[in-house]
Amino acid sequence: MENHNTASLVQPENSLQRTINEETLWLSTDENGRTTVHLSSRSHPPSLNAIRLPSGVEEGPPNRTAWLPPNSADDSYRLGLVNLLVESGAKLGVADGVDVGIRGADNVWTAILQDDYRPLLNLLFGGDFKVSNEDFRVWELLNTASVHGHEEIVRFLIERGADVGVSCEHEWTPLHSASSHGHAEIVKLLLENGAEATIVEMTGAVVSVNVANGSGVTPLHMTSNQGHTELVQLLLDHGANVSAVDSRGWTALDLACYGGHIEIVRLLIDNGADLAGADENGCTPLHSAAENGQLEVVELLLARGADINAVDNDGHPPIRCASENGHWEVVRVLVEKGA
């Protein structure tokens, strides 16, 4: 049910043409931060021919990017409105420093992530464009498409020269995004064309399969944490470093053990992961599995030779972690194995 503020902003036919000429209404928002432009597009799409933004209004509403509600109007109308916003200098980037990959549904990229993305991209970047990797919109769109699994948009941008290794200020790349969201085909696309060791070349750009973000997290950390077995195998096949540690000293094996992803644990061990590796607190993978009650993982680690009596920085062995958290089956197994 619409709130009263929404109802007061929605106008009948040609409301967009009428209200967009009034700066106060263009800038006003309802309690959800939606402007008249957004709300009008939800009712009867008017003709765009005579629409002009008021003089001096060069950007979208304060603290918001210019955005279009998904499925709010037909494709031709959405394209026309984006055109209007572009011609009027509307901001098409990140709002309030929030990552567009997270807030993708709240900005103009929502319109692009539809079947009509090609004309919209040509509009935003110019017809038959070759992307400039200095344009932050390239990272925004490539990253957002990687998050949401839009393989064709990723391919479309790569074909036009997008640097697949481009990152934001937090050193987050499209490979991180595709890996963390389990989009195997996009990861394959980003890693294709002749991987050598840890470097993959594509369209003249380079992307490292071991690229770490600002917290030291690599794609292998992400896929292991999320339980994406196929992607873990893919990254390992392309030379992912099983010994890479993040800012806490955690390896991919630690994350897989804590999450109970036994097939990934097995894969990582088979590819040389260190069972005795300790994080910043001195905890081993066995500590991680025991702490979170991952019985099958505990049994696998013990079968592969994990030290049952290894202690952390506080002198606690894995059995202490299991007992403190009430994982009595794990405690029983550890006792039976000699803890």
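One-based numbering along the chain as shown.
A Cβ is built for glycine as well, from the same backbone N, Cα and C atoms used for every other residue.
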From 8-35, 36-63, the residue range that TrEMBL assigns the feature region 'Disordered': 36-63
Over the repeat 'ANK' (170-202), work out the mean pLDDT and round it to an integer. 62
In terms of Cβ proximity under 8 Å, which residues at least six beyond the ends of the repeat 'ANK' (281-313) contact it? 249, 251, 253-260, 262, 265-266, 269, 273, 275, 319, 321-322, 324-327, 329-330, 333-334, 337-339
Six or more residues out from either end of the repeat 'ANK' (314-339), which same-chain residues have a Cβ under 8 Å from its Cβ atoms? 281-284, 286-287, 289-295, 298-299, 302, 308
